[in-house]
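Undergrad: Please read through the structure below; I'll follow up with questions.
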Amino acid sequence: MSFSVDVLANIAIELQRGIGHQDRFQRLITTLRQVLECDASALLRYDSRQFIPLAIDGLAKDVLGRRFALEGHPRLEAIARAGDVVRFPADSELPDPYDGLIPGQESLKVHACVGLPLFAGQNLIGALTLDGMQPDQFDVFSDEELRLIAALAAGALSNALLIEQLESQNMMPGDATPFEAVKQTQMIGLSPGMTQLKKEIEIVAASDLNVLISGETGTGKELVAKAIHEASPRAVNPLVYLNCAALPESVAESELFGHVKGAFTGAISNRSGKFEMADNGTLFLDEIGELSLALQAKLLRVLQYGDIQRVGDDRSLRVDVRVLAATNRDLREEVMAGRFRADLFHRLSVFPLSVPPLRERGDDVILLAGYFCEQCRLRLGLSRVVLSAGARNLLQHYRFPGNVRELEHAIHRAVVLARATRNGDEVILEAQHFAFPEVTLPPPEAAAVPVVKQNLREATEAFQRETIRQALAQNHHNWAACARMLETDVANLHRLAKRLGMKD
């Protein structure tokens with residue numbers, strides 16, 4: 001089989017359509033799956049010895065949240081090292097990273113796999129992976145044809161990364177130096193709320209403004225602070241963390257501003273405070289609402305004049321520190337109640353950010369679950385950790401009062417429970433492995449129990465034949481319209497019909 005000019009042109013056109021990189025990448029992956037008649041396809045970006053999914057088709061949604069470290073995925077490592085088309089034999093001993101992650105085929109393992117590394121010059125920037133359930137599924141395509149596909153995808157990905165880099169540099173102050181070597185914090189989520197938050201982080205990071213990050217407990221406020229710091233001109237300097245809620249009043253001032261020898265009992269030497277440690281960098285004050293009014297006044301002075309005094313010292317020290325503060329309280333209400341200084345609130349909230357709770361983030365819960373599943377897999381040395389359909393349904397309907405932190409702990413606990421009840425190193429998380437209270441799931445549709453007169457394979461094929469016949473009849477035997485009605489692509493429908501003996 002050879003690609004026609006029309007096929008290649010169609011792929012190129014899809015890469016120019018859409019309003020953003022994510023949309024273009026999704027169109028590319030969907031088109032490739034149709035052209036190559038594969039069961040699953042994915043576009044991955046390479047970063048710091050791991051592959052990060054950018055777009056998928058035919059794979060479980062939680063794949064978008066997973067981070068595939070090379071040391072934990074030998075097939076992906078082979079693709080990264082190859083420099084050319086990689087075809088894995090059906091009997092390859094290397095585990096496929098997508099085993100159990102094709103919806104409806106969780107118990108089956110992928111048979112055919114092709115990997116296409118993507119390069120910008122000599123630099124690896126990503127990969128395309130193509131998977132199928134039939135061992136010889138990609139034999140009809142030559143390496144040269146697959147290289148053409150890889151070249152188109154590499155060009156699109158390279159341009160997207162270049163535009164991203166230029167946009168980031170354009171937001172920097174004129175005298176700022178790009179810092180490409182800094183690893184960027186991964187903020188997982190594609191929901192509207194998270195997309196907007198990422199845009200706001202990108203905007204404010206390039207400035208030197210103080211930022212007030214608000215959100216419920218467990219939403220990831222510290223991660224937001226890290227993302228701001230790492231995307232700022234201060235990224236080459238330290239990010240210093242201080243939890244204000246954990247500070248006893250007796251040592252709080254010393255922790256913030258330092259002390260000199262003999263300033264108080266136990267001060268046996270000079271000690272720098274968090275502000276000195278963060279000089280030329282960023283200081284993250286978590287739970288800022290817990291500071292006493294006396295300390296709030298001293299913090300306000302630092303923000304106003306940029307100098308500090310160590311406890312027991314009359315001299316002032318100049319510091320250049322950007323302050324990021326976080327709270328799970330409504331500081332406006334705290335100001336009205338007299339528990340928080342209004343002038344400090346206005347100093348801190350020059351650019352306020354709000355982190356949405358997990359219950360408002362839609363399918364992000366599945367992406368995050370995939371991320372935590374992959375973390376558990378690596379930590380426990382398992383070959384795979386996947387979510388069953390029932391587990392995904394449960395996660396999507398639970399409200400998570402503890403937000404992302406609660407989800408993380410729930411996944412870790414479920415993996416441990418599932419591992420204890422299953423032999424081997426493969427774990428499938430079922431709904432019963434989660435101990436969520438008061439979860440109301442949509443009621444299942446009632447169905448009569450049929451009398452079994454044939455084996456499971458025969459019953460499945462009979463059902464598929466009848467479903468296809470009915471769909472064809474309703475669509476005047478138009479296979480494309482039939483495929484749309486059945487919510488599958490036409491190439492897969494033709495292959496299924498042939499296997500069922502409905503087509504020559």
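Backbone N, Cα and C atoms are what each Cβ position is placed from, and that goes for glycine too.
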Undergrad: With Swiss-Prot as the source, identify the stretch among 239-258, 479-498 annotated DNA-binding region.
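TA: Here Swiss-Prot associates DNA-binding region with the stretch 479-498.
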Undergrad: Of Lys221, Asp279, Thr282, which is closest to Asp57 (4-aspartylphosphate) if I measure between C-alpha atoms? They're all binding-site residues.
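TA: Smallest Cα separation from Asp57 (4-aspartylphosphate) among Lys221, Asp279, Thr282: Lys221.
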Undergrad: Does anything in the same chain, at least 6 positions from Gly218 (ATP binding site), have a Cβ under 8 Å from its Cβ, and if so what?
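TA: The list for Gly218 (ATP binding site) reads Leu358, Gly402, Asn403, Val404, Arg405, Glu406, given in order along the sequence.
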Undergrad: Show which residues of the chain containing Asp279 (ATP binding site), separated from it by at least 6 in sequence, have their CB under 8 Å from its CB.
TA: Asn237, Val319, Asp320, Val321
Undergrad: Once near-sequence residues are set aside, which residues in the chain of Leu285 (ATP binding site), 6 or more away, have Cβ atoms under 8 Å from its Cβ?
TA: Leu242, Cys244, Leu291, Val323, Leu324, Ala325, Ala326
Undergrad: If one looks at the chain holding Lys221 (ATP binding site), which residues at least 6 apart in sequence have a CB under 8 angstroms from its CB?
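TA: Looking at Cβ-Cβ distances below 8 Å from Lys221 (ATP binding site), excluding near sequence neighbours, one finds Ile213, Ser214, Gly215, Asp286, Ala326, Asn328, Val355.
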Undergrad: Taking the Cβ of Asp57 (4-aspartylphosphate) as centre, how many other Cβ atoms lie within 10 Å?
TA: 20
Undergrad: Please classify the secondary structure at Gly218 (ATP binding site) using three-state DSSP.
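TA: Once the DSSP labels are grouped into three classes, Gly218 (ATP binding site) ends up as coil.
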